[in-house]
Structures are given as structure tokens and as C-alpha cells.
Amino acid sequence: MDQLAVPDFSAGAMENWGLITYREAALFYAPDVSSEADKQRVTNIIAHELAHQWFGNMVTMSWWDDLWIKEGFATYIATLGMEKMCCKWNAYEEESLDNMLAILSTDAYCSTRPIHQPVTTANQIGGLFDPITYRKGAVIIRMMHMFIGDMAFRLGLNNYIERQAYGNAKQEDLWQALTQIAHDHSSLPKDLCLQTIMDSWTLQKGYPLIKVRRHYTNKCAVISQSRFKLQPEQQPNARQDQLFEQKRQYCWLVPISYTSELAHNFNSTEPQVWLRCTPKGEPLPLRLRYLPGEFEWIILNVQLTAPYRVDYDSCNWRLLIDALKGLDFQQIHVLNRAQLIDDAMTLAWTGQRS
Ligand SMILES: [Zn+2]
């Protein structure tokens, strides 16, 4: 594989098969002068372009509306490669968190768009090279990796690449290959397929806010979802299309993993339950049972698997805040500590928490 730095190259890099070209600055690294962060940046871009040899080159999207598959995979696979190469960087956790927090911020605006975006004219193509394609693409691929497990993810991708090699593919081809393996490995309920789950994340814009209301005497909780927006729902003088958008019902198939203070299982990212939708696409609330009592916190979205925010009832928030302020705060996984702080600050910003 030849890699070439090109003066005044306009893009950061281009994954041409057999001859990857880079903007000169993207490859600059001098051991005595450059920082560790420079080394990480150069490694990241090389890993991204190498990942494209499979995702983009060996299998190319059929049309630009599936651009996110090659860019999402290149972004995500690059972090796996960096983690393998130099674990002291902690690249997998850092990059995953960076992508997740960026998306939880930008994808909460009304002006956001779905990852899978119809493209009918040439001038729509350039606009697709944005954080939704790269970062949200990587975020939902990581979510899928975590909910079907490593073995099914690897075998499913092998099947997908073998079937589609030297040709074109749509996102449906990817879901088909992964569903088959995930069902064979019992890592996905038989009544769910990847297409139904992932369509809810790729065809709808935004992401959900999950509300958790615990019933401490019954040791259960009711969880429900609605689209999270940074801006108010109703806007004065809204146009007809904006009014339609305000009334539109959003619903995602959400993998729900959770743990509690005593169970303390931050290693298992596979969902205990799925938050689902009615056949008409309306959100269905769900009851979590066998939860601990009033002196123990619970936390959803182990290791920040899926892009959603969580708003607990005041009592559970208080238990979590006390845990974060205590000496033993590291009992909560670092990614979930970041999640709690980001969710609390954002919900305060929107006036949903004080
Ligand atoms: Zn790329």
C-alpha cells in the first residue's frame, strides 16, 4: 500500500485503492518535535484510510445516500485499530466518547438530518460530508457492535464483505448479513431484525430522551422515550412544514442495558430489554422489574452504548449525584460518569432539570 503526501491536496486524505493520498499536514510527524497528540492524529487518519480499503473500496455504496456506511465504518474501525496499536492512548474510549458527545449536541437541533439522506442532484453530495455521516455513523455502528456482541459483529461483517466484494451494496445488504449471524448466535431476539432496528436510527433524524421513573416500593421502573430537542417544541409563526414536523411522532428501537449499585456490572453492554414501537411507529413504554430499593441507584446505557439521553426521577438523580461526589466515584464506569454530567448539564440547560 503506497501512501503519498500531496502539496495543496484539498481534502484531508483520499483512500484511492493502492495509493492513498494525503494533505501534507495530515502526515507531518517528527519524533523529536511532534507531540503524542500529533502521533495520534496521524495514526487516526492513516487507520481511517486503510479501513476504507474494505469499506468503500472493496465494497462501495450503491448510491450517495449510503455514504455514511463507508465513512461511519472507516471512522469506527480506525478507533479499533488505534486501540490495538497503542492501548496507552485509550483511543477506543476517547474517540467513542468524543463522537457520542458531539452527536448528542449537534443532533439535538431541529435543523439536523437523518444519516441516510436521499440524494437526487450532484450538488447535494458535498453537504453529506458532515458530522452526521462520520460521527453519528460511527456511533450507531458502535451501538450495533455492542448490542450484537463482538463475535456476531465480526462474522457478520466477514459475510457482508465476502458477499458484496468488488461490487456495490446498500445498507439493507449489511443488515441482512448481520441479522443472520446475530440470530445464529442468539445475540438478537428472533422477532427483531437489524433492518427494523437500524432503520429507526438511520431514517429518522435526532435521538431519544429516555425518561426513567422508579417505583421504589414495587422495585420497578417505567421507561419511555420521546425525541430530545434543544429548542422549544412550539415556535411562533411556524410554517406549514414546521407545524407538520412538530406534530410528527418519532420512535426508536432502543437497546436498554442497565446496572445498579450492587450489581455493578459495567462490562456487559448487551441489552437486557428493548424499548419498542407500536406497528404505527408510536413509542411503547416499558416496565423494568426486579430493581433494587430506595438506597441504590440504577444507571441506564452501560458504557454509553446507544445515542440517547436519560432523565431519571429526582430520587435516582440524588443517589447518582451522591455516588459521583463520594470517594468511591470510580465505581461508575468513566463513560457513564461523562454521560451523567453531560445529561445533567444539558437537561438543566433546556429547563427539564434544575
Ligand atoms: Zn473517509
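Placement of Cβ uses the backbone N, Cα and C atoms for every residue, glycine included.
Look at TrEMBL and you will find Glu49 tagged as active site, proton acceptor. In the three-state DSSP scheme, Glu49 (active site, proton acceptor) is classed as helix.
Around His52 (Zn(2+) binding site), the same-chain residues at least 6 positions away in sequence with a Cβ under 8 Å from its Cβ are Glu15, Lys70, Ala74. Here TrEMBL flags His48, His52, Glu71 as Zn(2+) binding site.
The domain 'Peptidase M1 membrane alanine aminopeptidase' annotation in TrEMBL covers 1-201.
As annotated by TrEMBL, domain 'ERAP1-like C-terminal' applies to 297-352. For the domain 'ERAP1-like C-terminal' (297-352), the number of residues in each DSSP class (helix H, G, I; strand E, B; coil) is 34 helix, 7 strand, 15 coil.
Per TrEMBL, the feature site 'Transition state stabilizer' maps to Tyr134. The Cβ of Tyr134 (site 'Transition state stabilizer') has Glu71, Gly72, Thr75 as same-chain neighbours under 8 Å, each 6 or more residues away in sequence.
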Task: Cβ-centroid neighbourhood (8 Å) of the Zn(2+) site, His48, His52, Glu71 excluded - done: Glu15, Glu49, Ala51, Phe55, Gly56, Lys70, Phe73, Ala74, Thr75, Ala78, Tyr134
TODO: Taking ligand 1 as the reference, state which of the recorded positions Glu49, Glu71, Tyr134 have a Cβ closer than 6 Å to one of its atoms.
DONE: Glu71
Open item on the list: Validating a neighbour-count step here. Other CB atoms within 10 A of the CB of His48 (Zn(2+) binding site): how many?
Closed with: 24
Open item on the list: For the domain 'ERAP1-like C-terminal' (297-352), report the average pLDDT of the model, please.
Closed with: 97
Task: Neighbour tally for Glu71 (Zn(2+) binding site), based on other Cβ positions within 10 Å of its Cβ - done: 25
Open item on the list: So if I draw a 10 Å sphere around the Cβ of Glu49 (active site, proton acceptor), how many other Cβ atoms end up inside it?
Closed with: 24
